[in-house]
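Colleague: Sharing a structure here in structure tokens format.
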Amino acid sequence: MKALVKRETNKGIWLEQVPVPTPGPNEVLIKLEKTAICGTDLHIYLWDEWSQRTIKPGLTIGHEFVGRVAELGSAVTGYQVGQRVSAEGHIVCGHCRNCRGGRPHLCPNTMGIGVNVNGAFAEYMVMPASNLWPIPDQIPSELAAFFDPYGNAAHCALEFDVIGEDVLITGAGPIGIIAAGICKHIGARNVVVTDVNDFRLKLAADMGATRVVNVSKTSLKDVMADLHMEGFDVGLEMSGNPRAFNDMLDCMYHGGKIAMLGIMPRGAGCDWDKIIFKGLTVQGIYGRKMYETWYKMTQLVLSGFPLHKVLTHQLPIDDFQKGFDLMEAGKAGKVVLSWN
């Protein structure tokens, strides 16, 4: 079968022929329909410092997908061949304190598909049946293909009560864009998104952000004054940029709450005085709550949330290089590749 493989220890990704995997007793073989390119895939493609520490060459990458059940393991029940599914990309151990305590999204033994084990940029893949998420008929496959990052956005946006609140989102990547839309959809007052990429800021505005701010041209404090704000009640840090995080700390209202998804460089500093004396809450976010986030984000789409607005490109798998080029240049929202 075809698969996108990180074959060499340098920039690039390679379309190769690899064996079709065989499902174990508790696994399902999935025939992929569509897969989306994630920022993690771009890191692996670029072979940055994180990738060099984490990825073993020969890995099939990818973790955002939708497909149909092709074969059931001998012990699997509750699914049918041909059923359309996505899946939680974090495979957890099931026996640690957090898994047994109902917090599997915090499992310290988590294995990520397309990072630690072979992933979804392939014609077929295997997944534990317990990780599957059935996709309702009303949701098109091109949207279901990126439920994984949509779930990251939903986890962040729903971590704190944003109804009637002023929300600052630093970083207008696809997750930040989607989070802006969710916050407005559920009743936030002002949602302000910052970045330095005008293309992606436009997507955030289209998704419903009250104001988008290119911080290389406009002062966030000036925007706050225009909106008659003393500070932000909730912050969603999506950029992984220490300067953006420190700007957020500076602009938070006393008692504000911050959800952090962006990964900061090792050793990055922050102004701890602002966290302490403003009484801020800072919550790390990793992945999606299993499976409460999946339920809520599915219902959001079914209730009219315009997830389609972040989808900018659909390409056949043979044009994967174009997709990675668009992502590297920052000239795309979500890019979905088709295996059909």
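Here the Cβ of each residue, glycine as well, is placed from N, Cα and C on the backbone.
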Colleague: Given that Swiss-Prot annotates Asp195, Arg200, Leu261, Gly262, Ile263, Ile285, Tyr286 as NAD(+)-binding, name the residue from Ile175, Ile178, Ile182, Ile317 that shares the site.
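Modeller: Record check against Swiss-Prot: NAD(+) site with Asp195, Arg200, Leu261, Gly262, Ile263, Ile285, Tyr286, extra candidate from Ile175, Ile178, Ile182, Ile317 is Ile175.
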Colleague: Taking every protein chain in this structure into account, which of the binding-site residues Cys93, Cys96, Ile175, Leu261, Ile263 has the most other Cβ atoms within 10 Å of its Cβ?
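Modeller: Per the Cβ count within 10 Å, the most buried is Ile175.
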Colleague: For Cys96 (Zn(2+) 2 binding site) and Tyr286 (NAD(+) binding site), determine the Cα separation and express it in whole Å.
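Modeller: With the alpha carbons as reference points, the distance is 17 Å.
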Colleague: Cα distance, Thr40 (active site, charge relay system) to Glu64 (Zn(2+) 1 binding site), nearest Å?
Modeller: 10
Colleague: In Å, rounded, how far does the Cα of Cys93 (Zn(2+) 2 binding site) sit from the Cα of Gly262 (NAD(+) binding site)?
Modeller: 25
